[in-house]
Amino acid sequence: MRWKPYDIPSSDNVVDFVQGLHTVCGAGDPKARNGIAIHVYLCNTSMVNLCFYNSDGNFLFVPQQGRLKITTEFGKLTVDPNEICVIQQGIRFSIEVEGPTRGYILEVFDAHFQLPYLGPIGANGLANPRDFLTPVAWFEDRDVPEGFRVVTKFQGKLFEAKQLHSPFDVVAWHGNYAPYKYNLEYFMVINATQFDHADPSIFTVLTCPSNKPGVAIADFVIFPPRWAVQDHTFRPPYYHRNCMSEFMGLIKGNYEAKEDGFAPGGASLHSIMTPHGPDYKCFEGASNGELKPVRVADGTQAFMFETSLSLAVTKWGEETCQKLDHTYYECWQPLKKHFDPNWKPE
């Protein structure tokens, strides 16, 4: 499945973050604390005297258009496109925007996001701990006689209460249970340098591991600008079936395997064991091009929410948003068979 860019509300339809939060797909059950949900947010106005907290799990924000100014009980964060932010379960926050705003959210019910185990890579590489930022303490002592609205997501539904003061009155905090942000430009890319492909896990920024070794409840993976230098190799992502579900989004630019039809602000879902890979144009170009060192994905940032769970699409994702691209399969239709049983290496 592929979605065209999700519509941001028009200027005559005022929508804040809570009103503009839509679930595209998911799996599991927040009541059992197992599973994930994938959302998009589509808004154009700030939350005023309103905060939100998630009782079900942790939110990983991936802004695509528009800056997020996030006030939390721990302080303030400014998050731009090509940055990410994680706000953990139970933390109250309010989002201020500066105009039309769009982005993606990965929610996990089980545990917290963490850095992936680096194995033979060793101490340094991928997303380095030093590049993650947490807010400094900030507070306001502000009464709100008309009522400050507090909205929570609990067991997948929204509940609201009112109080007479701002909840952002935490003067100081300590410990390590705090929201954080990360700039994707700081990701230290590792890639194959002689032949073949390394597993795409080398592009993992954050993971939420399961109880089964080597299998994730969810991985957040990016496909950043990098060099491609392999010899005797079809360099784009190869055709495959996967034991994981792959939900992809595009922050900016053109994704190398599908430069046509996959646009910033849109998405795609390749379900468990559903075959997929580069479109016809990409296949022909990579099969016939000279294998010299080239830059890949400059000016582009694609990402993937990958999960071992089988994702179900919501009614909003399949029908209400009216963005499902029913012609997606056509990108593979021109592919031709090239197999020659008589061919031998020179």
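Cβ from N, Cα, C; glycine included.
Unlike curated entries, TrEMBL annotations are predicted automatically.
When pLDDT values are averaged over the domain 'Homogentisate 1,2-dioxygenase N-terminal' (1-184), the model yields 97. Residues annotated as domain 'Homogentisate 1,2-dioxygenase N-terminal' in TrEMBL: 1-184.
For 186-339, the entry in TrEMBL reads domain 'Homogentisate 1,2-dioxygenase C-terminal'.
Annotation comment: TrEMBL describes His197 as active site, proton acceptor. Counting only same-chain residues six or more apart in sequence, the Cβ atoms lying under 8 angstroms from the Cβ of His197 (active site, proton acceptor) belong to Gln230, Thr233, Pro237, Tyr238.
Residues or ranges marked as Fe cation binding site in TrEMBL: His240, Glu246, His276. Taking a C-beta cut-off of under 8 angstroms and a sequence separation of 6 or more, Glu246 (Fe cation binding site) has the following same-chain neighbours: Ser268, Leu269, His270, His276, Met304, Phe305, Glu306.
The local packing around His276 (Fe cation binding site), expressed as other Cβ atoms within 10 Å of its Cβ over all shown chains, amounts to 20. The homogentisate binding site annotation in TrEMBL covers Tyr255, His276.
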Measuring Cα to Cα, how many Å separate His240 (Fe cation binding site) from Tyr255 (homogentisate binding site)?
17
Nonlocal residues around Tyr255 (homogentisate binding site), in sequence order (Cβ under 8 Å, 6 or more apart):
Phe223, Met248, Phe262, Ala297, Thr300, Ala302
Shell list (Fe cation; ref centroid = CB of His240, Glu246, His276; cutoff 8 A):
Pro237, Tyr239, Arg241, Asn242, His270, Thr274, Pro275, Gly277
